[in-house]
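Written below as structure tokens is the structure these notes are about.
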Amino acid sequence: MICLRRFPLVAIVLLLLSCHRGCAQNGVTIPIETRENALVIQMDKDNHPGIIYFGKKLSKASDYALISSQSRQRDGNAGIYNSAYTPAGSWNVSEPALQITHSDGNPSLDLIYVSHKAVKENDNTTLTSIQLKDPVYAVQVTLHYRTFAQENVVEQWSEIKSAEKGQITLQKYASANLYFVAKDFYLTHYNGTWAREMNPEEEHLTAGIRVLDSKLGTRANLFQPPSFMVSFDKPATETEGKVMLGTLAWSGNFRMDFEVDSYHNLRLIAGINNYASEYPLSSNQEFKTPSFIYTFSENGKGEASRNLHNWARKYRILDGEGSRLTLLNNWEATYFDFNEEKLSGLFKDGKKLGVDLFLLDDGWFANKYPRNNDGAGLGDWQENVKKLPHGIGYLVKEAKNAGIKFGIWVEPEMVNPKSELYEKHPDWVIKQPQRPEHYMRNQLPLDLSNPEVQTFVYGILDKLFTENPEIAYIKWDCNAITFNAYSAYLEKSKQKQSQLYVDYVKGLYKVLEKLRAKYPKVPMMLCSGGGGRVDYEALKYFTEFWPSDNTDPLERIFMQWEYSYFYPAITHSAHVTDWGKQPLKFRTDVAMMGKLGYDIVVSHLNEKDLKFSQQAVATYNSIKDVVWQGDLYRLVDPKQNDFASLMFSTKNKDRAILFSYLTGNRNGAGSDIPFRLQGLNPAKQYKVKELNLYPETRTAIKEDQTYSGEFLMTAGFNPAVSARRTSVIIEIVAVD
Ligand code: DGJ
């Protein structure tokens, strides 16, 4: 202990050294609060915005001004680590959020506070905007933070504007720059590839920068999605610990820098990947970055993901609080081999099964180079006259006659070199003019930075809908990443090649925007040969996504578990198929925890399987509201146990559906002991009932027993999962 009286000078020096840069003269303090949490930005003595707090909200906002006085971390030599938007090329030498080259070639930038405002947009959302400017050059940045109070979600983006006479170049232009103080940080991120999506890895972050990124262009998430979790102090569990869930709403290349600085605090910079993406900005033009969306909870991952689900259903996903269609897809039933007669039979099968819609997949189009396999035809969106001599209109009618709706597959952003489109418009294709073409699934992306291509892509869908207004569903596929990134259009229009990755995505959004202006409600599945593409910008236009081509139910349990941290079950297209070795009941029970569909040959089902499936569709219809709109609780993690268990509970806690699946098979694996349920009312009494039993089997559950919510959530419940009962669905209903 230092005696201040005896060593006044030492004490003063120590005090000065012991505070974070700027704490001696606290400037404007801006709390950005949700119901539970706060992000607090404070200006330092030079008016640089710094993040002084991230975490649980304080009840007295004036207390935030005291926060920096509690830090004994001194100025860094690397500039201001806690910058709310780190500029490059001047006093700061740590990883930047914004790096630009001015019109005179000068690469320096500083950003100081000008003003801020908070506008209450409605009862729940507030938009706080902080304006910053470079004191030397005419560049201005506005940081936007939209808070969704009840859901504890923040949507953050920035707008960069230059009033310089000439063009400036954006070298790096992040959406968000955040700063966290904790003892330790644990990052969970995901990796994978086709049919092996969403493998989580959790790592203790150590000094230096950990980068998560994608350079794949179209289908950007194939190896890694733009979603992650960071636990503070120690790894969070479902019910305990401080955790942040973050995701970038951008369907293209992304980059997230996680930098543990020399104080062992964490800097996060998230946005579009600046790789090969220098972006020009003309005078008085504005560049709006995509949104970075995040939530924080002090009560573990479960609460954090429910925050995101509540937000996403209410504010983001197209028709997120609405309904969805169950469907029968013909992809795995027929692949490319079908004709009108076969399809008419499948419509009837769909009706027999009880689903709402029949979805015609790939292979219905192209004539000069018929789409009979994946090597030809993409781009030629005219019905193949051999397979469908009477056109799509006839199929829509036939489906209607069979009592089922009709939906259709498209992959409008792509082209096979073997196609009339490619022959007519080679300059519409992304490829390097002097290099050999490089394909993924024999195809190439069209250049959506080109307005003509945007019109073409829009036209494919518009024609389908105009000619067949009763088309009730679209599956929008995208099966190739971007190799040889080069745009003939950008070259011709004297723009920069380095705009391509960004302008592609902007072009895609333009098409989707226009489409939704005319066809606001038609459900659309975002598919990318599996989970190559889901994000919260795309989900403004899509009602659901295809998590993976891998529909082996065992794999889907793990994948959907991980997707469920970020996206609610209403968006998880989950089909019963013939993948895997599990019995039909298991496959169906797994698909029922998402948005149920089928991709099987119904006529191949034996009598019992058919009866079971018909009952399953009916059962699903009776529980789908709870799955789609209820609160999700992940109870038993299959990564750490021999089985998985999760439940959905209605907001008023009067009904819940519990799904359990055996995932291991050693030593009599199963649920020997009860586990705690969640999301019930401790004071209410509940009855349990097993659903979706296979014909002629009996439940192992005592259904005449009543349990209190307290009992189920404290002593627990055992759904009796075992090798004889590998999947179990239980309905829990409040009585009286
Ligand atoms: C990839 C998708 O993921 C599949 O479901 C199917 O639609 C094929 N493409 C069709 O080519």
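Every residue, even glycine, has its Cβ placed from backbone N, Cα and C.
Keep in mind that this is a model prediction, so the values were computed, not measured.
Binding site for substrate per TrEMBL: Trp194, Asp361, Asp362, Lys475, Trp476, Asp477, Cys478, Asn479, Cys527, Asp549, plus Arg441 from the candidate set Arg210, Arg324, Arg441, Arg587.
Cα of Trp194 (substrate binding site) to Cα of Asp549 (active site, proton donor): a distance of 7 Å.
In the three-state DSSP scheme, Lys475 (substrate binding site) falls into the strand class. Neighbour list (Asn479 (substrate binding site), Cβ cut-off 8 Å, at least 6 residues apart, same chain): Arg219, Asp374, Glu411, Met414, Met440, Arg441, Gln443, Ser528, Gly529.
Straight-line distance linking the Cα atoms of Lys475 (substrate binding site) and Asp549 (active site, proton donor), rounded to a whole number, equals 13 Å.
As a whole number, the greatest separation of Cα atoms within the substrate-binding residue list Trp194, Asp361, Asp362, Arg441, Lys475, Trp476, Asp477, Cys478, Asn479, Cys527, Asp549 is 19 Å. Counting in whole angstrom, Asp362 (substrate binding site) lies 14 from Asp549 (active site, proton donor) by their C-alpha atoms.
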